[in-house]
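S.K.: Grabbed the feature section from Swiss-Prot, which reads as follows:
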type: SIGNAL; residues: 1-19; note: signal peptide
type: CARBOHYD; residues: Asn72; note: N-linked glycosylation site
type: CARBOHYD; residues: Asn173; note: N-linked glycosylation site
Amino acid sequence: MASLYLLLLLPLFLALILAATITESKSFSTTVKAPYPGHKPDKLTHLHFYFHDIVSGDKPTSVQVANGPTTNSSATGFGLVAVVDDKLTVGPEITSEEVGRAQGMYASADQNKLGLLMAFNLVFTKGKFSDSTVAMYGRNPVLSKVREMPIIGGTGAFRFGRGYALAKTLVFNITSGDAVVEYNVYIWH
């Protein structure tokens, strides 16, 4: 009879221990107060500018820093890595007013189609967004008419920023490799 009570009480005892363990363990996530008082990410900002990628001449703004063993024989340049500090301007001409720089890197990361992995900080140097940055990271299928890449963060006015960037190539010089790309960036911050 005692063993019957033991068999009936054992599952109850184990359930109580399990319940106590669950309530004592740390949670994976918690809701916290905003670290910056008054910050409410409810503003949508549209930025429009032109990106000048210069790989030719005496002062290139995009420099190849690495390649793989098959980069030169690959139709997509797979393995190429470049570091950039490209000018961002108000108009499509390189002489138009500079509003910032695109600083970061891109890598040819697709063996079958021309696709770049882009990791950029858009650093703004003029206007109300001066000293603010936007972090853009994603895939750029450069032969598509319009490409979409995610905005994953920012600093300054764009702290806690999120959104997307639309890129459209205006000019690509097949001989020099230089390009002008129009960007429309939408950021919630």
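Here the Cβ of each residue, glycine as well, is placed from N, Cα and C on the backbone.
Explain the structural surroundings of these features, please.
M.R.: If you draw a 10 Å sphere around the CB of Asn72 (N-linked glycosylation site), it holds 10 other CB atoms from the protein chains shown. Taken residue by residue with DSSP, Asn72 (N-linked glycosylation site) is part of neither helix nor strand, so it is coil.
Long-range Cβ proximity for Asn173 (N-linked glycosylation site), meaning a same-chain Cβ under 8 A and a gap of 6 or more residues, is found for Ser56, Ala179.
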